[in-house]
Amino acid sequence: MATRTPLIAGNWKLNLDHLEAVHQVQKLDFTLKDAKHDYEAVEVAVLAPFTDLRSIQTVVEADGLGIKYGSQDISQHISGAYTGEISPVFLKKLGVTYAAVGHSERRQYHGETDELVAAKSKAALDHGIVPIICVGEGLDIRKAGNHVEYTLAQVDGAFAGLTADEAAKTVVAYEPVWAIGTGEVATPADAQEVIGAIRGRLAELYSAEVADAVRVLYGGSVKSSSIVELMAEKDIDGGLVGGASLDADEFARIASFYKVA
Ligand SMILES: O=C(CO)COP(=O)(O)O
């Protein structure tokens, strides 16, 4: 069985300009160093607005920081007449490791479909960027009891067209929409139910090896007070943290979950 390195990723959403980003990354690094964070044991990443990435690259490279970084979206196009799009080639040149794909806010406000999510995931992988593929149901679907089925259909859509080798490199984030920014955390058992089902679906679509290799994160009001219990579940490999990632001290505490006995 593969050992999956946990990943704690902070999704800054539309917060922090490029100057604030530099400060935030330096503060996070300082706090994690102070806590003797082991980056080999738990990966830490920030997903920043596009306009921050060049500045983040500079601090990370100049100071040799262990923090990784990524974008919150990526284009499925490489170049051409696509006004406003950001190419995977450009992102790769900025040293990004990750790109979030299909976040519920992009699905909701920008009409992103499963087909687009699949195309963006493929484009990222083609350029050596790991897509963090976001899936998860809204409250009405959860109340109707169709959350597993709904989320697995999003997984089917996102992975359509990815080979087994490509699929094995991805990260999936299960983010129930009703738990995002609401303070409402899914219970560890709720999260495990869906995340276990996602891993099961990857085994069906590909193989047990692929299912074993993919890291599946939970996202939705993650805090230092909830991460330890979430991480105790067998299929949860980390967190995609929104609001709490804007507070460097709190985010560092979340990344330090493994130190809590
Ligand atoms: O959407 C999220 C991360 O991508 C979760 O946001 P919150 O942690 O603010 O609920």
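Each residue, glycine too, has its Cβ placed from N, Cα and C.
Annotations in TrEMBL come from automatic prediction, not curation.
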Need one residue: from Gly64, Gly181, Gly196, the one TrEMBL lists with Asn11, Trp12, Lys13, Ser221, Gly242, Gly243 for substrate. Gly181
Please list, in sequence order, those binding-site residues from Trp12, Lys13, Gly242, Gly243 with the Cβ less than 6 Å from ligand 1. Gly242, Gly243
Within 10 Å of His103 (active site, electrophile) (Cα to Cα), which of the recorded positions Trp12, Glu175, Gly181, Gly242, Gly243 do you find? Glu175
Roughly how wide, in whole Å, is the group Asn11, Trp12, Lys13, Gly181, Ser221, Gly242, Gly243 that binds substrate, by largest Cα to Cα distance? 14
Highest CB neighbour count within 10 A among the binding-site residues Gly181, Gly242, Gly243? Gly242
